[in-house]
Amino acid sequence: MHESRDNDVTATLCINFIRDQINITTVESSSTYRLNNASFAIDGDFSQVIRRCAHTDVKRDIQEAWLRLDLGEIYSVKTVKFWYRNDRGSNYQNTIRLRGYSIRVSNDTALPPPESSCYSDPGNVTLPTIIEKDCERTASYVWFYQDKGNGHEVPMLEICEVQVVGCETGRYGENCSNTCDHCKNKDHCNITSGSCDIHGCANQNMIPPLCSHCLSGLYGTNCSRHCSQLCKEKRCDISLGTCLSGCEIGYTGTFCNITCPYGRYGDSCQGICNNCLESSTCHHVSGVCASGCNEGYKGEQCNTACTMGEYGRNCENQCGHCHNHEACNRFDGRCRDCETGYQGLRCDNECRSGTYGRNCSETCGACLDGTTCHHIYGHCSLGCRPGWKSTPTCDDPCPPGTFGPNCINKCSGNCLHQATCDKETGKCKACSEGWRNDFCNEKSKELTTDLDKMTLEHLMLDNARISLEMELLKKESQKITIESSFLKIKDEYLRLKMQSEFQIFTSGDPKISISEKKPGQNVNVDNPESSTPSLK
């Protein structure tokens, strides 16, 4: 094997790994036609004339033809390139005998089965005379195999030169400069990409087959450190450990180790905690308000307004009896107006005892035994007191001349001055002449005229008048006594004041004091010596 003239290949086996052992690669064929032995296929001569090509025999009993290259040891093969004869006048004629061939590999000299093929020609197209096929295998032998004849001809091969490109096992990449040490099977990896075989990575913390990245959730040297469990998809920077795809719900920060700030929750902390009780925060992941909801809201996240008929914290209260079944204020439960029979800001109280109706503005009638009436309709459940007709509301008094339950009794008609009797008891205040007892329905034995009764009444009125006048006189007497005492005090005050103001003396000649003044003598204050008798 010799160096390829194709500059795009990774490396040729002979240059990079066989080095100076030029003859280490050998070749054999199933048969030989004349002098066209198998060694022509690796002699470095790229001529495509039949005299410089390996050619298998053409005997009629031949059933198959093969050419086997022995690489000398196991290599990681990348491609197989070969030059076929081209001296028969056209591509069609040149490669007519090649159609249906296959390239196979093995690690021993036994003919490999079809399953070992890295390429099998379908046989239905004209082939070029220079062919290169991918054959990424680990092998010691490369085979060209043909078992299909061309019409009257037996299977045969006419190969002028073969070039196998690859690396020593355990190496890959440009100029085979990289090792497969990252693979558990260090002797083999993909010759181009370095991807490992089914055995996976040498470091179990890395992702096969390339083994160039840490498994999800790991980072750092040898992928030995764990990403934060709160990194989304458990992905983090393989060097720093910072989360690459964001954070799990409810967390933030480059390492996703910080819960959402107060009042926030959810994915990327975009959710806002609304209406949690007394402005408390919600759960940073779910948004649930653990302490409940403010007035007017309900639900785990307190983001649902109370439905009609509810109010208060968590909407746990039922509205009162709002007028026309209107909804109350969902925050404090107030109604704009109340249904008949109810009162209060929330219309949740029945009319107080003794009232009923719209705005509780109606007064109950004369219900029996002092019971209250129905707060809506005003009906008396036990009936009416005596003296009232038996209507539902007991608000219709007995007509004059009747009394008792449902006004079934009639007055005696003997009350004084034709007055009506008491509508409840039937009693009279006084009886007409000739009648007595409370109901005036019993005739008296002693006759009493109306004039006598009138005189008695006048006497009673006079006695009352006299008592009143005596009371007024008593109060007047008390008033006079008080005024007299006041005048005495006032007189004493004036006397003392004058005594203090006019008792003045000159040097060596005491003046006459007011208290020494003789009766009938006037004292001149400015000239006390000048005194004149008073005129009477």
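Every residue gets a Cβ built from N, Cα and C, even glycine.
Over in TrEMBL, the protein carries these features:
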type	residues	note
COMPBIAS	521-536	compositional bias 'Polar residues'
DOMAIN	226-257	domain 'EGF-like'
DOMAIN	268-303	domain 'EGF-like'
DOMAIN	314-348	domain 'EGF-like'
DOMAIN	366-408	domain 'EGF-like'
DOMAIN	410-441	domain 'EGF-like'
REGION	513-536	region 'Disordered'
Distal contacts, the domain 'EGF-like' (366-408) - CB-CB under 8 A, six or more residues away: 340-342, 350-351, 353-357, 360, 420-426
Reported mean pLDDT - the domain 'EGF-like' (410-441): 92
Counts by DSSP class (helix H/G/I, strand E/B, coil) across the domain 'EGF-like' (226-257): 3 helix, 7 strand, 22 coil
Helix, strand and coil residues within the domain 'EGF-like' (410-441) as assigned by DSSP: 3 helix, 5 strand, 24 coil
